[in-house]
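According to TrEMBL:
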- 20-38: transmembrane segment (TRANSMEM)
- 43-62: transmembrane segment (TRANSMEM)
- 93-115: transmembrane segment (TRANSMEM)
- 120-136: transmembrane segment (TRANSMEM)
- 142-165: transmembrane segment (TRANSMEM)
- 177-197: transmembrane segment (TRANSMEM)
- 229-258: transmembrane segment (TRANSMEM)
- 279-298: transmembrane segment (TRANSMEM)
Ligand SMILES: C/C(=C\COP(=O)(O)OP(=O)(O)O)CCC[C@H](C)CCC[C@H](C)CCCC(C)C
Ligand SMILES: O=C(O)C1=CC(=O)c2ccccc2C1=O
């Protein structure tokens, strides 16, 4: 957005900066991982579950706040009115607010580890935080090389869900690993969608996002392929008896998946129109994961 355009009201900018719907990506690995654990062991510890959800939200808040801090350093966010650094005008404050969120989130994880008398999940979550840091922080900034989706897949898929399952059971599960592939893909789709409307700013700042590399048209086709893959994969896991039949409930997210693919195929080259695609992707994420979890509990 250029400086001579009227910027939206402050309240809207703050909501866009905090992005509440995005926290679905922090909650769902814990929800589905705990649901798989409950199905397989009949164990469900509500205290650990609640602590893990809170910790995960705080860690994602750190990721997002520090994303605005690091992006302020490269100049990529100079036209982004809803950057927390641009809204507050105080990069140092945001840096420390982010670190406070990280510290509190890690305290939650340490509390779970102490409860379990087992440090395993501390190691896994530190690894997730490391992936979050190398995505955006100096000197790595791997997101600027177009590698964010791979990091995202592992952080919210096998690692995040592995930690959630382990926090309930102190063991591992191949079913949970299979489910984590679905979560990893559907979370990476959200990140992939977030690049379509930012091509001009990304090129100007030297960020080679996947959409800068592929172009918006090929990017839209890649999005369709990965969105479409999710459903046959779930069906395959049901046929192979890895998932219970009720996990097919996750197909209720299909209308949003179709809407997402159509919307991006039609508008990939129009930043103003395609900018909401990541929120359609969040609907796909939320519904598919919600019903996947319910499918494991009731299947
Ligand atoms: C911050 C992220 C995306 C924003 O990227 P971008 O710079 O394009 O955004 P703007 O356009 O809004 O500036 C997400 C990055 C995800 C990262 C690869 C992995 C993060 C891992 C988390 C720290 C893991 C926490 C949850 C876990 C406990 C389940
Ligand atoms: O602001 C964003 O675009 C995103 C923030 C975020 O935390 C996240 C997490 C996982 C996948 C994608 C995203 C975003 O796109």
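Backbone N, Cα and C atoms are what each Cβ position is placed from, and that goes for glycine too.
Taking Cβ pairs closer than 8 Å, the transmembrane segment (177-197) reaches residues 22, 25, 28-29, 32-33, 36, 148-150, 152-154, 156-158, 160-162, 209-212, 216, 219-220, 222-223, 226-227, 229-230, 233-234, 237, 242-243, 250, 260, 264, 268, 271-272, 274-275, 277-278, 280-282, 284-285, 288-289, 292, 296 in its own chain, all 6 or more past its ends. When Cβ distances are compared across the two stretches, the transmembrane segment (20-38) makes no contact with the transmembrane segment (229-258), since fewer than 3 pairs at least 6 residues apart fall below 8 angstroms. Between the transmembrane segment (93-115) and the transmembrane segment (142-165), fewer than three CB pairs separated by 6 or more residues in sequence fall under 8 Å, so the two stretches do not touch.
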